[in-house]
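Following: one structure in structure tokens, then a few remarks.
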Amino acid sequence: MEGPEQWVIVGGWGSASAEFSEGLSRNMGLKLVKPVFKLFPDEEEYVRIEGDISGFTGAIVVQSFERPASRSLVYSLLIADALKEAGVGRIVLMAPYMGYTRQDRVFLPGEPVSVRAVMRALASSGYNALASIEVHKEYVLDYFDGSTLNIFPFTYMLKETGISCGDNTIIVAPDKGSLPRVERLARETGCRSYGYLVKERDRITGEVRLAKSTVDPRGKNAIVVDDIISTGGTIALASQWLLENGANSVFVLAAHYLGIGNAEEKMMKAGVSRVVTGNTLPRKPSKIVTYVDLTGLAAGQLTKLVSNL
């Protein structure tokens with residue numbers, strides 16, 4: 001990175017954070033520092049940043065909220081405090097996958113707005129800016145007291161996989177919440193056919209069902225777009241409906257892939273032919289999931305972000 005100020009990449013805890021920090025360091029031309037992480041006998045987290053970092057005026061901490069998310073959160077807070085203690089003036093959290101964002105409001109009485117509490121904690125710990133890749137709802141970044149960046153990955157992912165949007169392609173949001181993603185992807189790729197499915201979720205049991213649809217998939221190759229695949233239930237439901245209603249095939253784009261339990265088996269049984277996701281969470285061996293390196297995309301946008309801090 002050009003300029004008089006010196007920035008450093010600080011790798012976070014976990015395999016996804018390690019991979020992403022190495023990619024950012026390579027793409028941004030910045031030094032990478034790898035802290036020491038360990039647990040005390042009572043399982044309290046401990047971190048130490050080795051080496052002299054006092055000469056750096058800024059740091060980009062790469063910490064994805066991989067499981068358990070609470071551990072990722074605590075390590076991100078401890079790293080920020082360690083950097084402040086070392087005299088680093090400006091600190092950016094690059095969270096490839098930002099946790100706690102799905103509890104963005106009170107669904108049942110007595111619940112917290114979890115993402116608000118987390119954003120406040122991160123800002124209080126010393127972070128001046130926060131960047132992530134396709135957060136669940138972009139407005140949750142407003143809870144963070146500082147500069148924010150939400151990186152849209154889907155156009156880049158399609159390009160990297162060599163898939164184009166032809167006349168027989170339809171882009172589908174598995175629920176109305178993902179419609180803005182689909183609209184933007186359609187706009188940037190020139191895809192004229194898109195829409196969304198309407199799902200209903202039982203807040204107690206978590207059971208999901210499709211209520212209706214705004215798309216006609218007959219004779220189309222469907223691209224389903226969502227921010228995250230967790231248990232695979234939503235994607236499986238969408239794929240099954242699309243194929244039953246005449247779609248030729250179902251291809252999935254997801255920014256993040258947790259793949260909990262039998263998610264892959266569930267999607268395969270529902271007819272999903274391929275899933276393309278980002279390297280924001282730990283990679284899993286898979287028959288249908290392909291990972292796209294998003295560090296090149298993130299590097300360019302982070303360079304602009306830090307230049308304005």
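First residue shown is number 1, and so on along the chain.
Keep in mind that glycine also has a Cβ here, set from the backbone N, Cα and C atoms.
Among the candidates R201, R218, the one that Swiss-Prot lists alongside D226, S230, T231, G232, G233, T234 as binding D-ribose 5-phosphate is R201. Within 10 Å of R102 (ATP binding site), as judged by C-alpha distances, the binding-site residues found are H136; the full candidate list was H136, D175, D226, G232, G233. Just so you know, of the binding-site residues Q103, T234, the Cβ with the fewest other Cβ atoms around it within 10 Å is the one at Q103. Each residue in V208, I229, I235, A236, L237, A263 lies on the same chain as R201, D226, S230, T231, G232, G233, T234 and has a C-beta within 8 Å of the C-beta centroid of that D-ribose 5-phosphate site, without being one of the site residues.
Close to D175 (Mg(2+) 2 binding site) in the fold, though at least 6 residues off in sequence, lie Y196, L197, V198, K199, T234, each with a CB less than 8 Å from its CB. For the D-ribose 5-phosphate site, whose annotated binding residues are R201, D226, S230, T231, G232, G233, T234, the maximal Cα to Cα separation is 16 Å.
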